[in-house]
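Chemist: Grabbed the feature section from TrEMBL, which reads as follows:
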- D:Cys48, D:Asp50, D:His109, D:Cys112: Zn(2+) binding site (BINDING)
4 protein chains.
Amino acid sequence: MKEHVRPLPTYLVQRYLGWKATTYAENRSWYKRLAEDGQRPRAMIISCCDSRVHVTSLFGADSGEFFSHRNIANLVPKFNPDGDHHGTSAAVEYAVKALKVSHLIVLGHSQCGGVAGCHAMCTGHAPELEEKTSFVGTWLNLLRPGYEHVKELPEAEQVAALEKQAVMISLENLMTFPFVQAALEEGDMTLHGLWHDIGSGGLSQLNPATGEFEPI
Amino acid sequence: MKEHVRPLPTYLVQRYLGWKATTYAENRSWYKRLAEDGQRPRAMIISCCDSRVHVTSLFGADSGEFFSHRNIANLVPKFNPDGDHHGTSAAVEYAVKALKVSHLIVLGHSQCGGVAGCHAMCTGHAPELEEKTSFVGTWLNLLRPGYEHVKELPEAEQVAALEKQAVMISLENLMTFPFVQAALEEGDMTLHGLWHDIGSGGLSQLNPATGEFEPI
Amino acid sequence: MKEHVRPLPTYLVQRYLGWKATTYAENRSWYKRLAEDGQRPRAMIISCCDSRVHVTSLFGADSGEFFSHRNIANLVPKFNPDGDHHGTSAAVEYAVKALKVSHLIVLGHSQCGGVAGCHAMCTGHAPELEEKTSFVGTWLNLLRPGYEHVKELPEAEQVAALEKQAVMISLENLMTFPFVQAALEEGDMTLHGLWHDIGSGGLSQLNPATGEFEPI
Amino acid sequence: MKEHVRPLPTYLVQRYLGWKATTYAENRSWYKRLAEDGQRPRAMIISCCDSRVHVTSLFGADSGEFFSHRNIANLVPKFNPDGDHHGTSAAVEYAVKALKVSHLIVLGHSQCGGVAGCHAMCTGHAPELEEKTSFVGTWLNLLRPGYEHVKELPEAEQVAALEKQAVMISLENLMTFPFVQAALEEGDMTLHGLWHDIGSGGLSQLNPATGEFEPI
């Protein structure tokens, strides 16, 4: 590995030094306390890796506020304690059991390349994702059941609808974790489903009564 | 699931509305273009879910700059195309093959609860994590080989050293992915290992020649 | 021409070789991608040729971020499609129509020799610039209307005020270009007026509500 | 204009504040002196607006070193004192007569969108650029004579050859300015022609004896 490791690009070094001399310098006492007392985030946010989803900016959040897991298409698999490595399930377990977050938020978004890829798979347009060796394809299989709920829609609406299915399936899968279920039933935690429209800056939330995402 | 889904807490709604009226309003043209033209991030950053790791702030990065995967202890498993769901591997595959990022950065940090948990496991102090049903423990098994490299150190230094092992193991495991290897050998991508000290605001980077993390 | 073309001075050759061995080597993958995929800058910056205006440093910007036009006194002429060569108008047209930049930023600065020259012309102290054969004087005529707004000020304040007029006149002239107007009205672009104080390192921005430049 | 002027995007404000607290703070005495004593650049560089041409980085240049004019395709028109606004001619006049720079450098580059546009015009593939109302097209007419020197080359080599013609035509046109000619003949200034390859990081310079660009 060593022959491929490089120093951080200079522009990032410069910007880091700028952060150190401003944001850090102005908040030194808070960072020190965060280090000494540990984190105590109020919420966990599960969102997509997409570079356009800027969670902390969207919610004016500073260091210490959100425990943040990000994966392709903000998906949560079902509870499956088979002894394998499950990064998402581990993050959820840590947030709920160790950090005892009060809110578990799943945030989907528009123009999601992952969701579009799943839609392409489901409609037979992405054979390369259906190959067993594709981690992206295998991961997106988690979203396949959602296609059943959107396939009757006009084609132009299917991908956006599937983005919202990604949020709902993740919320449903979260319910299969006994510790999530317990925290919810104890009233220690609530669930939230959001969908963010990149271009318009919109934010919709799942209304559980209707199953629809309604603009905030 | 529906009985546990709640409206977004008001404080987050308020902050979102503030973002919409300010940051979004001032950058509407950029968000619109990001939506229409798609993302084109220069780098992928793999970092921890920890709420104290504020990647975009640290590097003065705005929407569209970093493809961001976050999991417990910023770990990457080895290449293992067994057909199971591998969220981290899927994120890496998407970044390298679909987005063709130029830099793959693994960012560790101090006071990492995940790494401390692994250290507790390795020293026999965390039987609950060693149970097969613990997703956190199973996930942290990825870091176990790192304990071999730190167990001879004075005890007070072991956890911080293991945090750096987490970065190095992830970089090594990244090398097991054929598409990562190919991109590195083509000169299409470089690797970077960082460790961030929460309290002092410090940033160190892996010097591959020495295997040490050196302050920037 | 050939008898006057010389090899690049050694000090620049040396520095270039240093850049090649460090910055380039560390970011080869990014440069390669910029070459293959083309540029996609978020903003155009129109600034002065002055050697003390170091735009990329000021904003921690790296290769690929800013489309950069620089001329004497950061001036933009009015829309005038008369078939003549208009370098500034061509740069604006390319940025807006071909690159679809999201932000059009005009950056003025203190101690601007061009603006001081215009002030000298307007106060009758620079007959040599008023000669028809002076390209500098003819170019600075673009700024003459600004003198009307500053001539009642105390003399010591006039030149700095005229530097800010240069920014405002450029912004106003930009509005005369139909494609600029269209991009602004579509919400595809925003305008920004800045003035940089070389000595103090200050940066002020135009508040359109008051017409004043306010420190950032 | 006022309704379209916006505050500077926050990410640029943050980065500027970082620059102020680091680069500026460390060099305050130099910036102060630059403000008080004025600029005294050794060279003028004429380069393209392209965001991938990072002149100061390429030559490790700091504030005060290069008087920098940037336009589409680094073109200089012929001497033409017709009383119209000539931004490029004004910049050259200021550099030579007021600043008395020692080196006048024209820097072309690979993948130049402007040069590619001119090539498309010359081969009949860009009628929109040939319209009188296109500032880009009218500006690129300056480069048309260069097409005569490349049109017999294999097609795949023509655009890169035309990029080099852009440098040579600019150098030749510079010779038509009496004050440039005078400074050259007095031995007060030298000319330099460079071509930068974005992807490979290469830099070639015009060898006047052969008319070829040779790698540095």
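Backbone N, Cα and C atoms are what each Cβ position is placed from, and that goes for glycine too.
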Chemist: Report the residues of the chain - excluding D:Cys48, D:Asp50, D:His109, D:Cys112 - with C-beta within 8 Å of the mean position of the site's C-beta atoms, for the recorded Zn(2+) site, in sequence order.
Modeler: D:Ser47, D:Cys49, D:Arg52, D:Val53, D:Ala73, D:Asn74, D:Gly108, D:Ser110, D:Gln111, D:Gly113, D:Gly114, D:Val115, D:Glu163, D:His196, D:Ile198
Chemist: Cβ neighbours within 10 Å, counted over all protein chains: which one of the binding-site residues D:Cys48, D:His109 has the most?
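Modeler: Result for the most crowded candidate: D:Cys48.
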Chemist: Indicate the candidate from D:Asp50, D:Cys112 with the smallest number of other Cβ atoms within 10 Å of its Cβ, considering only these binding-site residues.
Modeler: D:Cys112
Chemist: Taking chain C as the partner, extract the binding-site residues from D:Cys48, D:Asp50, D:His109, D:Cys112 whose Cβ is under 8 Å from a partner Cβ; order them by sequence and answer 'none' if none remain.
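Modeler: From D:Cys48, D:Asp50, D:His109, D:Cys112, the ones near chain C are D:Asp50.
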